[in-house]
């Protein structure tokens with residue numbers, strides 16, 4: 001009972017904090033856009049109306065734009081910056097926040113570059129040969145559930161509620177599918193590919209065997225919008241958030257004012273800890289007990305200043321050092 005209550009409190013804190021920043025960001029952006037661009041009425045509804053009219057009822061193209069093109073651009077735009085830091089070691093503003101300071105520093109050796117290029121090719125294959133067909137198969141289901149490309153946007157409060165539900169569904173689906181792929185009978189055939197990177201980088205977020213990509217990377221975030229019959233605007237926001245957050249979790253840098261990647265970085269280091277996204281089910285099932293005894297657990301918080309946590313909370317020195 002204590003673990004369940006502890007897990008619920010953690011979930012409420014994580015989701016509540018995320019929603020607070022999302023609300024603040026939305027209100028601030030809307031206010032500035034209305035002030036400087038002279039938008040009248042509901043800014044977001046106006047922009048959606050223009051986009052909806054531009055496609056002139058071609059909802060399939062609009063759906064593909066929201067579920068595939070926009071999230072892909074978000075993923076590669078964010079990871080392009082990270083890959084520059086990984087490959088060159090600059091800018092120092094990013095590399096000084098490296099978690100595993102003795103690894104990928106930078107990714108410049110021939111074997112490492114070959115390994116990185118292999119990861120990029122696999123990710124591109126997963127996105128265009130697996131993700132794209134899956135999101136298009138998603139379209140008739142979304143039509144059956146509602147009107148995903150309708151002219152009216154959902155209210156902002158409803159979007160927030162849906163994103164909370166999406167996050168909880170993804171946590172459940174990803175935790176158990178991910179843990180299943182760690183079963184010895186499945187690991188060597190499927191999940192071992194992803195764990196070739198014990199010190200992950202951002203693009204590795206989607207570096208996986210095709211079976212794992214479909215069942216563990218795609219289905220968990222897709223299930224929520226399909227169950228809720230969500231508007232394409234909500235689905236686009238959710239997919240972009242999910243891809244950027246998983247890139248942060250794999251990036252190998254604990255950067256200021258971004259969610260902590262210490263949890264999933266520790267999973268890549270130790271393999272049998274920290275299977276989830278939010279950590280709620282890990283706490284419930286006790287799969288974070290080793291993690292909670294480490295300095296990485298103390299560093300598993302949002303960095304709110306510019307001093308790297310590896311400096312303010314350094315690893316304990318081994319005996320003799």
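Numbers here mean position along the shown chain, with the first residue as 1.
Cβ atoms here come from the backbone N, Cα and C positions, even for glycine.
Keep in mind that TrEMBL annotations are predicted by a computer and have not been checked by a curator.
Over in TrEMBL, the protein carries these features:
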TRANSMEM  12-33  transmembrane segment
TRANSMEM  73-94  transmembrane segment
TRANSMEM  123-144  transmembrane segment
TRANSMEM  156-176  transmembrane segment
DOMAIN    164-287  domain 'Fatty acid hydroxylase'
TRANSMEM  227-248  transmembrane segment
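As a summary of secondary structure, the domain 'Fatty acid hydroxylase' (164-287) carries 87 helix, 1 strand, 36 coil according to DSSP. Through the fold, the transmembrane segment (123-144) approaches residues 60, 63-64, 67-68, 72, 75, 203, 206-208, 210, 213-214, 217-218, 222, 225-226, 229-230, 232, 235 of its own chain, all at least 6 residues removed from its boundaries and within a Cβ separation under 8 Å.
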